[in-house]
Amino acid sequence: MPKKGLIERLDSGVVIGDGGFVFALEKRGYVKAGPWTPEATVENPEAVRQLHREFLRAGSDVMQTFTFYASDDKLQNRGNEAQKKYTGAMINQQACEIAREVANEGDALVAGGISQTPTYLNGLGKEAVQKEFEKQLKVFVDNKVDFMIAEYFEHVEEIVWAVESIKQKCPGMPIAANMCIGPEGDMHGVSAGECAVRMAKAGADVIGINCHFDPDTVLAALRLMKEALTKAGFKKHLMAQPLGFKTPDASKQGFIDLPEFPFGLEPRILTRWDCHRYAREAYDLGVRYIGACCGFEPYHVRAIAEELQKERGCLPTGSEKHGQWGDGLRQHTKPWVRARARRDYWENLKPASGRPYCASMSKPDEWGVTQGDAMLKQQAQKTTDEDLQKLYKK
Ligand SMILES: [Zn+2]
């Protein structure tokens, strides 16, 4: 029997996305923070495959190809060695094969993914940016992915170009468009609501937000998007793929501006119970594509699937090893731990950080640098010590 497509699934129920490959694989030692090395699909395919499997087991309905930042221009940025060995097409091809293999082990769909480009930050214009996208899109079309996700765009101008390219090069494929913005809108000052309307006008079928902010912030911004879409007469499905980190103190640029990014974020990680609340609040807001981004591990996705058990009519395979709301603790040896085998205990727990000198909030960097600023331009050479000295002084 052919698998049901994305829109059909969203029309009749809820779709659960997968988690953050870049952060998860970095922690496992297969991805380097900085260039975020998507060549892991070629260098360590078994690690990528295993993570897909864990998300599938946790309840993900979508295997998103691990192609984040796998455009040729990104591969040659700031001394990145990858482009000497691989083309973006090679990395994307391998990512498609791995995602399809695992998707077919269950009922999951494969989504191809493109993201923002250094070419855009360099101010090289629409034609050059779309050329980068189109090289990636060719691989996704050849591999017949089920739908496309344009994600992690900070500027609505660039995501509109991305959606237009997908529409043109991938005829008939549903398009999900996700910006990495919060309630303050994009980096050029376009409001969140206006961003959503422009994505809809460009032809996106599913509209949402990924990365940069925690579930609370993402849902607050999605509420603004929903209002603006309704007002403009659009009826589109909404999508959320937030961070697995708490970011109430992040400013417009999201967690990138937090001093803990990217190596000290652990005290901010969501608990599985936070994910229950996120799934419920997203569903109640009308979001039907409920997924995740950086920081989300398979057990977080399993919590989403468990919260939405009634709506989906099933539990994920991964729940075989997880009693609902702590139920498995009935089998614990210690009586005080057995006493925690109840929903209200975990639902109301305020977990301590164990760090007495750790503030609950940080002060974001807020350099306010974005597209149009010389400091963001791409260069082929690695950053020198001298360059760094200048940055330290800023
Ligand atoms: Zn992310």
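Quick reminder: no glycine exception, Cβ is built from N, Cα and C everywhere.
The feature Zn(2+) binding site is assigned by TrEMBL to Cys211, Cys293, Cys294. According to its DSSP assignment, Cys293 (Zn(2+) binding site) is coil. Around the Cβ of Cys293 (Zn(2+) binding site), the same chain contributes Gly19, Gly20, Asn210, Cys211, Gln241, Pro242, Leu243, Gly244, each under 8 angstroms and 6 or more positions distant in sequence.
Residues or ranges marked as domain 'Hcy-binding' by TrEMBL: 3-308.
Contacts of Cys294 (Zn(2+) binding site) defined by a Cβ separation under 8 A and a same-chain sequence distance of 6+ are given as Gly20, Val22, Phe23, Cys211, Leu243, Gly244, Phe245, Phe255, in order along the sequence. Of all Cβ atoms in the shown protein chains, 27 besides its own fall within 10 Å of the Cβ of Cys211 (Zn(2+) binding site). Summary of the Zn(2+) site environment: with the site residues Cys211, Cys293, Cys294 set aside, the chain residues having Cβ atoms within 8 Å of the Cβ mean position are Gly20, Val22, Phe23, Tyr152, Cys180, Asn210, His212, Gln241, Pro242, Leu243, Gly244, Ala292, Gly295, Phe296.
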